[in-house]
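Novice: Pasting a structure here, questions to come.
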2 protein chains.
Amino acid sequence: MATEIKVGLAGFGNVGKGTYDILERNHSLIRQRAGAPISVKRVTVRNVDRVKLLVDEDVIVTNDWHDLVNDPEVNVVVEAMGGIEPAKSLILAAIDAGKHVVTANKALLAEHGNEIFSAAQAKGVNVAFEAAVAGSIPIVKALREGLAANRVSSIAGIINGTCNFILSTMRDTGRSFDDVLKEAQRLGYAEADPTFDIEGTDSAHKLMLLSAIAFGVPVDMSKVHIEGITHLEAKDIKFAEELGYRIKLLGITKYTDYGIELRVHPALVPTRRLLANVEGAMNAVVVKGDAAESSLYYGKGAGSEPTGSAVVADLIDIARTAEVAVSERPRMPTTTHNPKAKSFADFGDTVCSYYLRIPVEDKPGVLAEIARILADNKISIESLIQKEAPLEDASTEIILLTHSTREADIQRAIRTMQQLANVRGAIVLLRKEELQ
Amino acid sequence: MATEIKVGLAGFGNVGKGTYDILERNHSLIRQRAGAPISVKRVTVRNVDRVKLLVDEDVIVTNDWHDLVNDPEVNVVVEAMGGIEPAKSLILAAIDAGKHVVTANKALLAEHGNEIFSAAQAKGVNVAFEAAVAGSIPIVKALREGLAANRVSSIAGIINGTCNFILSTMRDTGRSFDDVLKEAQRLGYAEADPTFDIEGTDSAHKLMLLSAIAFGVPVDMSKVHIEGITHLEAKDIKFAEELGYRIKLLGITKYTDYGIELRVHPALVPTRRLLANVEGAMNAVVVKGDAAESSLYYGKGAGSEPTGSAVVADLIDIARTAEVAVSERPRMPTTTHNPKAKSFADFGDTVCSYYLRIPVEDKPGVLAEIARILADNKISIESLIQKEAPLEDASTEIILLTHSTREADIQRAIRTMQQLANVRGAIVLLRKEELQ
């Protein structure tokens, strides 16, 4: 028999309210699919009075999260508070009390997942987190179950809607980053303090979880190379377009001979690839496996009900399998899973192809100097645009694409080029992902 | 404990060999993920000698499918024969013997699914069929589990790679259907007898299964409106492109006030939609739900290992849950699921917007006649192109897009227009899907 679920819900913001609303509206449909009823018994929030007006009168609303842990009828805690504390204490206390946990908290899991998953495994409870990565998209389930026959070789995703909205709008309008960021804030696509999104931290948290699932590694945020989009210039978006690429902020993790790559950075994606055509605040993840080959998952990465959809899917899975032995449940990424897990790669060992924009004096011989430095570092050029019209101060810009090369080699070449008397400013480097 | 799976594999063509190869190559990884080993114990094929060379020597190869059913150690039968018989007899016999079944056979399930699923439910065994729809894409799991919180309102998919390859190539090259079909046959994208694919039958089978899962209805192929791509002309692809659309063969099922729509036909999709950018032999499915909103699933819809990937994912799910009560297992679409299931819609009640190409005499007043007929049928025009240059015989063509209207109304209008003296040939009608 499926297990009736009485939810203790912590937090009634975006995700908490979305989860509650779906459970109310689709109650009978969810009961039918889960094989047992799922309802919210308790909510804990800071502002009790506000939330009492938004929920059924038989839902108990208090302002102390311990109430969820102490209620023996609550068998699943949904953590929708966000942030590290008190979310972490709540989750560990819920696990300790033998309750299953569902959370959308990517920052917490990416930073403290090892401790949380180990505690859950020791207690034989689930910590489910479909909502933590790419909102409504069932990508955690796709990786763990749908693609379970595959040895995954790489994952590349647009997993931050704020950044994708900004980049799509910069391309469509030719406007600057700062200008579009302000619009995104006005429209509610970016927060008042957008640092977490635009610096790439949020994408890195989600990427860390995807990598942990796909490759069975413990989470370790110190291994993620992170670059955001704050330094992107409108002209690089334009030049990329001329070369047949769109710039997207990607989270990329690959299983390679030299270790597992983990990196978040803006990347040139060929215009004909589906991923290049993901517009606005949408999310998409491309997975490559040895049997399924390439597949892509696309949808809303944020929002109240899209995220709630993923929380409720986890609740339905728990209702179906709560009484099943832990070994048969969908696997959790923990340190105990894969003792032979590959280690993370040094970022310098990453193999990529590159876009360089080099501001130079418009003099004969400049291109020869640059070409020589690249050759000395065994970097070969795939294509080159020397912008024809020199700028007003007699400087111009060389734009080139390289073939595949090691990150350490391109960085060394850039340091050397930067010393040239004819190079007039900072060289811009962007990476290219063919996603073949 | 998870259950060790000993597979009886019927058929060793494309799908059978892909399944076998994945189980061999990724054996230890699959064992870890399933919680128990999964291996092929027996294979039945027509040509025993050919297959003996391709499998391990401890696999028993015979030419009688009854051997799979009669072996008490075989606990899951993988049906990879295709066709209706003997596949149907094998599946029913395996169910009767208490064995689980995994199949990629969409034609069989779309035609005889009610009988098969009812038998499985009565016996408490699974009939899993992830591989039957869209190959490697875990769309069955996404609908049943990932999106289980949602009331699905519509599904629209490119679910036949042969047709999508032909349409993509027609657009890229401007060549005719017949010409591109021959190329597709040379390249192995189309079979020697391509009827099932190009007439839309294969898409209709897959659509029927998607609709059954999403809406809990019994399968009934007689309710699917099916149009293939054999009559598509290169010029309609070109005109659609000029209007900002690409033509794709879509399978569409919608839950509406007047019943469940089920239709397969070429459709104009706005160029900026992701679905319009699915190229070559790839598959993609867009699902709309009330909570998750729009999501899309993309990948290889055919091929040995991509299809095998889905078969093996089903085997892993069975290993994890074989000892679990049937009620907790992923739901099967059967007549017993949803006694209040909505009935299917009459095709005439479908609401769509339309593309019309009307060959006319290049005379004053023709457009007025056509506009009047549309107005009489309460059809309003969204945009119109009268091709400027008259053809050599003083005829020309009017191309127009309508706003939303009922199928029965547009058909009545076309019948009336077709009577006009100034209309010189058959009016071409195509449907438009905005996928908003």
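Glycine is no exception: its Cβ is also placed from the backbone N, Cα and C atoms.
Note that the structure is predicted; figures quoted are calculated from it, not measured.
According to TrEMBL:
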| type | residues | note |
| --- | --- | --- |
| ACT_SITE | A:LYS206 | active site, proton donor |
| BINDING | A:ALA10, A:GLY11, A:PHE12, A:GLY13, A:ASN14, A:VAL15, A:GLY16, A:LYS17 | NADP(+) binding site |
| BINDING | A:LYS106 | NADPH binding site |
| BINDING | A:GLU191 | L-homoserine binding site |
| DOMAIN | A:355-434 | domain 'ACT' |
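Help me picture these features in the structure, burial and contacts included.
Specialist: A helical conformation is recorded for A:LYS206 (active site, proton donor) in the three-state DSSP classification. Counting only residues at least six positions away in the same chain, the Cβ atoms of A:LYS106, A:ALA110, A:ALA132, A:VAL133, A:ALA134, A:GLY157, A:ILE159, A:ASN160, A:GLY251 sit under 8 Å from the Cβ of A:LYS206 (active site, proton donor).
In the three-state DSSP scheme, A:LYS17 (NADP(+) binding site) is classed as helix.
The Cβ of A:LYS106 (NADPH binding site) has 25 neighbouring Cβ atoms from other residues within 10 Å, across all protein chains displayed.
Contacts of A:GLU191 (L-homoserine binding site) defined by a Cβ separation under 8 A and a same-chain sequence distance of 6+ are given as A:THR162, A:GLN185, A:ASP197, in order along the sequence.
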Novice: To see if you understand the setup: which same-chain residues, six or more apart in sequence, place their Cβ under 8 Å from that of A:GLY13 (NADP(+) binding site)?
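Specialist: Once residues fewer than 6 apart are set aside, A:GLY13 (NADP(+) binding site) is near A:ALA80, A:GLY82.
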Novice: Counting only residues 6+ away in sequence within the same chain, which have a CB under 8 Å from the CB of A:LYS17 (NADP(+) binding site)?
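Specialist: The answer is A:LEU54, A:SER304, A:GLY308.
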Novice: To test your reading of the NADP(+) site: which residues beyond A:ALA10, A:GLY11, A:PHE12, A:GLY13, A:ASN14, A:VAL15, A:GLY16, A:LYS17, same chain only, put their Cβ within 8 Å of the Cβ centroid of those residues?
Specialist: A:LEU9, A:GLY18, A:THR19, A:TYR20, A:VAL45, A:ALA80, A:MET81
Novice: Average pLDDT across the domain 'ACT' (A:355-434)?
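Specialist: Residues in the domain 'ACT' (A:355-434) carry a mean pLDDT of 91 in this prediction.
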Novice: Would you count the other C-beta atoms found within 10 angstroms of the C-beta of A:ASN14 (NADP(+) binding site) for me?
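Specialist: For A:ASN14 (NADP(+) binding site), the count of other Cβ atoms within 10 Å is 17.
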Novice: I need the least crowded one of these binding-site residues (A:GLY11, A:GLY16), counting other C-beta atoms within 10 angstroms of each C-beta.
Specialist: A:GLY11
Novice: What same-chain residues, at least 6 away in sequence, bring their CB to under 8 Å of the CB of A:VAL15 (NADP(+) binding site)?
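Specialist: Long-range Cβ contacts: A:ALA80, A:GLY82, A:ALA104, A:ALA131, A:SER304, A:THR307, A:GLY308, A:VAL311.
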Novice: Using a 10 Å radius around its CB, how many other CB atoms surround A:ALA10 (NADP(+) binding site)?
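Specialist: Excluding its own Cβ, A:ALA10 (NADP(+) binding site) sees 27 Cβ atoms within 10 Å.
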Novice: For A:GLU191 (L-homoserine binding site), which DSSP three-state class applies?
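Specialist: Looking at the DSSP assignment, A:GLU191 (L-homoserine binding site) belongs to neither helix nor strand, so coil.
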Novice: How many helix, strand and coil residues does the domain 'ACT' (A:355-434) contain under DSSP?
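Specialist: Reading the DSSP string over the domain 'ACT' (A:355-434) gives 23 helix, 29 strand, 28 coil.
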